[in-house]
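Student: Per TrEMBL, transmembrane segment is recorded for B:12-28, B:55-73, B:94-121, B:141-163, B:168-185, B:278-299.
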C-alpha cells in the first residue's frame with residue numbers, strides 16, 4: 001500500500017477542473033509530478049497556476065476530477081502536514097514580530113524545525129523582533145518561506161515567491177531553498193512567469209495555458225524533444241513542407257529566414273536546415289507564443305490513475 | 001491556543017481595561033449613593049444607575065460587533081486564513097481555539113460587571129420602585145440573563161464573519177441581529193410566565209376600588225388591568241375605550257358587559273424575577289450552542 005502511494009508521486013491530477021463564478025480556471029488537467037522534484041510551474045497570468053497550487057494546498061476543492069497529494073485527496077487532513085504553501089500575497093499577521101511568526105509555525109506544526117526557519121530569516125538580515133508589517137515585500141516573502149521550510153514538509157508549494165525580490169536576495173533565497181530541498185529530498189513547486197529565475201534550478205516543468213497543462217515532464221527530456229531549425233522561408237508563408245512530418249510548435253519569419261521550433265519525428269538531417277538544440281527558455285517562449293501548439297507530456301508525467309485509463 | 005492569545009492580545013487588554021473601568025465606576029457610584037441616601041433626596045442617583053444599566057445592555061451588541069464579527073471576517077478578508085489553514089493543525093481545532101478563548105473572556109468580563117451591577121441595583125431597588133424589574137434595564141443588565149446575553153452575541157458576530165467573509169458587513173449584520181434578539185427577548189419576557197392576577201375590592205364607601213400599595217411593591221406591573229364582571233370575567237379597561245359619547249356611554253358599555261367595581265390587575269410578582277432570569281439565560285445559551293454548532297459545521301463542510 002505504501003509503495004502504491006509513493007508510486008503515485010507528489011502530485012497527481014486526473015480530470016481536474018475548477019470553476020469559479022466567472023468561469024473555468026482549470027479544465028481537464030491531468031499530470032503527474034514525482035516526489036522530490038524541483039518543478040517550475042510556468043504560465044502567463046490567469047493561466048491557472050495559483051488555482052492549481054491552492055487546490056494542492058487543500059484551500060480549494062476541485063469542481064471536477066481529483067488531485068492527489070502523496071496518493072491522498074488534496075482535501076484530506078492528513079496531507080496538510082506533508083505540504084507547505086506560500087500564497088502569492090504571502091499572508092502573515094502584520095502585527096506579529098518575526099519571532100512571533102516563527103512561534104506560530106512551531107505551535108501549529110509538530111515537525112517544526114526552528115533552526116532551519118531561523119537560518120532562512122537570517123538570510124534577509126531582519127531582526128527577529130521586527131514587526132512583520134514593517135518589513136518590505138521581499139523580506140516578508142522570506143519570512144513566509146521560513147515558516148514553510150520550518151514546517152519540514154515533503155512538498156513545498158510556492159506561488160511566485162521571487163516576484164518581489166531583488167536579484168541578489170533572489171539568488172540567496174534560491175540557494176537556501178535548494179540547499180534545504182537537496183538535504184531532505186523535499187519536492188518543490190515554484191510558480192513563476194519569469195523564466196530566467198528558474199533556469200538551471202528546476203529539473204521538472206509544468207507549463208500552463210488557458211487552464212490546461214501544455215508541457216509536463218523532466219526539463220531535460222522536454223528540452224531534448226525539441227529542435228530549433230533555421231532555413232529559408234517558403235514563398236507562400238506558412239509551414240514549409242519539409243517540416244510537415246514533424247510537430248511544429250511555432251514558426252517565425254525574419255526577412256527571408258524562417259525559424260521553427262519543432263518536435264522532430266525522425267531525422268532532421270539533410271534537409272538544408274540548420275538544426276540546433278534550443279534552450280529551455282526557447283522552448284517555453286515558443287509554447288507561450290503559440291497557444292494552440294499541441295501539448296507534450298513525457299512518459300513519467302502522464303497521470304497513471306485508474307480514472308484516466310478507464 | 002497561543003496563536004489566538006497572541007493575535008488578540010491587544011483586544012484582551014482593552015477588554016480588561018473596559019471591565020475594570022466600568023467595575024470601578026459601579027463600586028464608586030454605589031458607595032457614593034449609599035452615603036448620599038442617608039442624608040439626601042434619592043433621585044440624584046437615578047441617572048447614573050440607569051445609564052450604567054443602558055451601557056451594560058448595549059454590551060452584548062458591542063461584543064458581537066467588535067469582538068465577534070472581526071474574529072473570522074478579518075482573517076478571511078486579509079487572506080491570513082490561508083497561512084493558518086495550511087499548517088499541520090486542523091481547521092476545526094483552530095476554529096475551536098478562536099471561539100473558546102474570547103468566549104471565556106467576554107463571558108467572564110460580563111459576569112463581573114453584571115454581578116457588580118446587580119449588587120448596586122439591589123441596594124438601590126428600594127428607592128426606585130417606579131422602575132419595573134422586567135424592563136430591559138435592569139433585567140438585561142442583572143443576574144444570569146445579563147451574563148447569558150454575551151455568548152450568543154459574540155457567536156453571532158463570529159458566524160456572520162464566517163459567512164460574509166468581510167468585516168464591515170459582518171459588523172452591521174451583527175449589530176442588527178443582536179438588537180433584534182434583545183428586542184425579541186424583551187417582547188417575549190412578559191409571556192415567559194403566567195402573570196398573577198391581583199383583585200382589589202371596593203372600599204367601605206363602595207365607590208372606588210383601592211389597590212394595596214404592598215401588593216404592587218416590587219412587582220412588575222402593566223401586564224393588563226380592568227374590571228371583573230359579576231361572573232368573574234376580565235374586562236380590560238380599554239375594552240370600552242373606543243366607545244364615543246362621553247362618560248355616560250362608557251358607563252353603559254361597562255354595564256352591558258356586567259362590570260363590577262372589583263378591579264383586577266395582572267402583574268409579575270418579584271418572585272418571578274429569578275425563574276424568568278434563568279429562562280432567558282437558557283434561551284440565550286441554546287442560541288449560543290446552535291451558533292457554535294453552525295460555525296463548526298460550516299468549517300467542516302468547507303474542508304470536504
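Cβ from N, Cα, C; glycine included.
Remember, TrEMBL labels are computer predictions, not curated facts.
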Student: Top stretch among B:12-28, B:55-73, B:94-121, B:278-299 for CB pairs under 8 A with the transmembrane segment (B:168-185)?
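Tutor: So the stretch in question is B:55-73.
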Student: Between the transmembrane segment (B:141-163) and the transmembrane segment (B:55-73), are there three or more C-beta pairs closer than 8 Å, counting only pairs 6 or more apart along the chain?
Tutor: yes
Student: Same-chain Cβ contacts of the transmembrane segment (B:55-73) under 8 Å, 6 or more residues past its ends?
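Tutor: Long-range Cβ neighbours of the transmembrane segment (B:55-73): 11, 15, 22, 81, 98-99, 102, 106, 110, 113-114, 117, 136-137, 140-141, 146, 149-150, 152-158, 160-162, 164-167, 170-171, 173-175, 177-179, 182.
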